[in-house]
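As given in Swiss-Prot:
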TOPO_DOM  1-228  topological domain 'Cytoplasmic'
DOMAIN    93-145  domain 'PAC'
COMPBIAS  137-150  compositional bias 'Basic and acidic residues'
TOPO_DOM  250-259  topological domain 'Extracellular'
TOPO_DOM  281-302  topological domain 'Cytoplasmic'
TOPO_DOM  324-331  topological domain 'Extracellular'
TOPO_DOM  353-361  topological domain 'Cytoplasmic'
TOPO_DOM  383-464  topological domain 'Extracellular'
INTRAMEM  465-485  intramembrane segment
MOTIF     476-481  motif 'Selectivity filter'
TOPO_DOM  486-490  topological domain 'Extracellular'
TOPO_DOM  512-1095  topological domain 'Cytoplasmic'
BINDING   593-708  nucleoside 3',5'-cyclic phosphate binding site
COMPBIAS  974-991  compositional bias 'Pro residues'
Amino acid sequence: MPAMRGLLAPQNTFLDTIATRFDGTHSNFVLGNAQVAGLFPVVYCSDGFCDLTGFSRAEVMQRGCACSFLYGPDTSELVRQQIRKALDEHKEFKAELILYRKSGLPFWCLLDVIPIKNEKGEVALFLVSHKDISETKNRGGPDNWKERGGGRRRYGRAGSKGFNANRRRSRAVLYHLSGHLQKQPKGKHKLNKGVFGEKPNLPEYKVAAIRKSPFILLHCGALRATWDGFILLATLYVAVTVPYSVCVSTAREPSAARGPPSVCDLAVEVLFILDIVLNFRTTFVSKSGQVVFAPKSICLHYVTTWFLLDVIAALPFDLLHAFKVNVYVGAHLLKTVRLLRLLRLLPRLDRYSQYSAVVLTLLMAVFALLAHWVACVWFYIGQQEIESSESELPEIGWLQELARRLETPYYLVSRSPDGGNSSGQSENCSSSSSSSGSGGGRGSEANGTGLELLGGPSLRSAYITSLYFALSSLTSVGFGNVSANTDTEKIFSICTMLIGALMHAVVFGNVTAIIQRMYARRFLYHSRTRDLRDYIRIHRIPKPLKQRMLEYFQATWAVNNGIDTTELLQSLPDELRADIAMHLHKEVLQLPLFEAASRGCLRALSLALRPAFCTPGEYLIHQGDALQALYFVCSGSMEVLKGGTVLAILGKGDLIGCELPQREQVVKANADVKGLTYCVLQCLQLAGLHESLALYPEFAPRFSRGLRGELSYNLGAGGVSAEVDTSSLSGDNTLMSTLEEKETDGEQGHTVSPAPADEPSSPLLSPGCTSSSSAAKLLSPRRTAPRPRLGGRGRPSRAGVLKPEAGPSAHPRSLDGLQLPPMPWNVPPDLSPRVVDGIEDGCSSDQPKFSFRVGQSGPECSSSPSPGTESGLLTVPLGPSEARNTDTLDKLRQAVMELSEQVLQMREGLQSLRQAVQLILVPQGEGQCPRGSGEEPCPATASGLLQPLRVDTGASSYCLQPPAGSVLSGTWPHPRPGQPPPLMAPWPWGPPASQSSPWPRATALWTSTSDSEPPGSGDLCSEPSTPASPPPSEEGARTGTPAPVSQAEATSTGEPPPGPGGRALPWDPHSLEMVLIGCHGPGTVQWTQEEGTGV
């Protein structure tokens, strides 16, 4: 896996800081929540406090941090009040008092209350420290404190005169909190500052930012990455030049003739020296994954790892030579040690190995670098073969063959005593040397004799030929034009071919199976990282959430190295898996909770344990979540929150969860559990726990009792629990309204006889029907009652036993509760008397409307329906049971009966309304009729037969007028002597409008007069089939009795009445309110009336 960046997320290290600063006798403390006024519950309890008092952590948690459960008879009442006052006012307090252990033994305690603030400056926690000072108090004798006056007078020392709490503050506790136990230089200034200066800084309960010196470099920072880039280039330069200078320059140039070092060599040495300095100030990642910022730790870590190698590689040979410092002739050979710096590049380059292009580029660079090294060594071997000859040159070396082909052979020249060169040459050498050959300037002697080696190919040709041989040997078996002749050359060629075979497979195999096996784990890590980044990019995850995802993935990978433990151990036998699980989870299984468990039970429980990981700021459990496991904190710290209030702080060794629930019970968490630092947990699944306890039932009761005492915080206390009942999920879909249920409860006193189960049910009311048509057909009084089914057993219905007054008066809320849909007045109600066949007209759905059960009628059966529900339209539930069908039938009958009664009430109301309209219109006609004079009454005031009336719209109000034809003909009736005046029949009335008649074959005669018409100039309003009458005389208009107009003539056509000039007057269907036919006088035309409808 690539080198990790380290765990750099901000963490709340308050608990770790307190735990590290408190040790020994000063570790007896509790932390109380200062945000819960009045109670200040304990959210954390140290192990030392439990050992001191004898109480377990579970017994102390959520109690008051004043530790009133430790009070006893000898505890000073004054100190109690002062402790309570200090907690309420969020102030520091210190006192000495007597407390009692759980066993009842008293002990002197030095109590110190210290408020802890958060990042907002608010007091978030109380640190209550307890120190046992019984030995100090009892030095004069075990009962010395009693002889001096008892406990209450002496133990309230904090309230005595002259006591200063600030001056008597516990130096040990505060020094531990502020880190003053470290050695500090002694001086007067620092002593005065520590005594009279400001108080030491206490740790704050907040998310701590990364603190580091400005002179400390982050190992994954941008500055360090840039510096590593320069070091990479310098290392590659060293890897190329050092082998060349060692193999080529040493062989062909004397050491005294070497020139000054180049600028690049000096710059590289300076970079290596500065790199050593920076490494002492660069952070590193510890084995636990934490980033170390302490300078001392950084220096110690660097000295024990790479320091020695970097010092040897950074020896400034070239720099000393530049300053004319005499260096040993072979000292520059130590430069080869710098090649070891390539090992340092591997961890740094590993982060780029997930990119295939970078991998191929690096492999090609490594292959070329290796070929360069092989070429240098091959040239050095050939040169040494020539110089090793004592008296004559060898003729089988590869350089000798190259010299003959290039016609630049080697030759030996004897050196004369005066320093000149002799002309004696060996017979196989040419007489002249090439001035262009680099060997012409050499001054080396052969074998210490007076012979000097000259001639040979140039250095450029020799190196290119060596590189050609190296590449041909590494990539294949070579072509033979440059071959190994001597034994030394052949041995080196063999090694080169072996290396070449490996490099050929790695580079030209394009990362095949060998590479996949070598980097399988790395590929898996990069593959998952790439998938995670692609997921983040596709779904546009915000940056904070993206960082949390990457941090969690890297942290979990560091814990398990990408190994799926479940899949890995699945192939192993159960016996071996149990032993491995017990070894992995031995820290959890060593808890007192599992002391009574047998080894078999422990093995079963270990298989149910799973590792878990939580990063800072992550919620392990949310309030209201179903608790499915118990969690044991192995490392790190967490906090329990509820509504932003800290209820508990959990550290290493704490157990969180709930008491053992039943197998079908679901327990909901009553608080949130949030990680403060990187936490490693062990998770015990409740499902696996139940299975294990089912196998070992003798351990279940003891485990359940012990779990209550071991839980650091019970997340199930007061939580919501529910029994999982799968039977409630399967049931018949019954449509039953609430009002029906209430009515059923209220009618339990009535006798209900269920209908036979084999009777078919009629359809329900279709929801797709229009409100008008559905309601009209439902309200039809001619709808036939359910007919008895032949051959069926009749059962008395509920309607037969109802009281006679069980009508509308018996149900005062029936009329208001009847939610009838609105019906427009211009649409006549559908009063069809036909029997409903299950599918109504005008519906958008073919679903059935009503469900009737037809039974055999008996003497007690009633055809009138029973009162129904108050929910408006009927909702008849369907059910498989016979009793439910019977109740549905009875309710339907009651609803139909109630609707019939309401229709009768509406009929009576309409009649009353008709009479009221007559009383209103008749007086208006007497005084405002435009046709009558001031002395004579309006003709409309006289009662007569049912005749078409005319509405005058020219006046301020409407009045009814008789038709002109009847007045002219003298047919308007007058009262006869001795007889009451005939009743005037009401007529459909309303203001004129612009629409046609809503009903066919129906005619009403309307006329309209205005103020512009002269009196008496009104046109006759007669049917089109009636001939026009002659003009009437004035006397005849007042006294004449017109002939009655038959109803057949009035209704023989459906055309609207003609207006002035023979034009038809339009109907007004929107203003037409009602159509009612009154009583008939003697001699009048008898109007037909539909039975039961009032029309």
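Here the Cβ of each residue, glycine as well, is placed from N, Cα and C on the backbone.
Locations of recorded Swiss-Prot features on the structure.
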residue	record	CB count, 10 Å
L593	nucleoside 3',5'-cyclic phosphate binding site	20
A608	nucleoside 3',5'-cyclic phosphate binding site	20
Q623	nucleoside 3',5'-cyclic phosphate binding site	17
M638	nucleoside 3',5'-cyclic phosphate binding site	29
G653	nucleoside 3',5'-cyclic phosphate binding site	15
K668	nucleoside 3',5'-cyclic phosphate binding site	17
C683	nucleoside 3',5'-cyclic phosphate binding site	18
E698	nucleoside 3',5'-cyclic phosphate binding site	11
**OP:** Could you pull out which residues elsewhere in the chain have a CB under 8 Å from any CB of the topological domain 'Extracellular' (486-490), counting only those six or more residues past its ends?
**Re:** 378, 381-382, 384-385, 394, 396-398
Original post:
For the domain 'PAC' (93-145), DSSP counts of helix, strand and coil?
Top reply: 6 helix, 30 strand, 17 coil
**OP:** Go ahead and report the DSSP secondary structure tallies for the topological domain 'Extracellular' (486-490): helix first, then strand, then coil.
**Re:** 4 helix, 0 strand, 1 coil
Subject >> Overall pLDDT of the topological domain 'Extracellular' (250-259), taken as the mean >> reply: 50
Subject >> Helix, strand and coil totals (DSSP H, G, I; E, B; other) for the topological domain 'Cytoplasmic' (281-302) >> reply: 8 helix, 6 strand, 8 coil
Subject >> For C683 (nucleoside 3',5'-cyclic phosphate binding site), the three-state class that DSSP assigns >> reply: strand
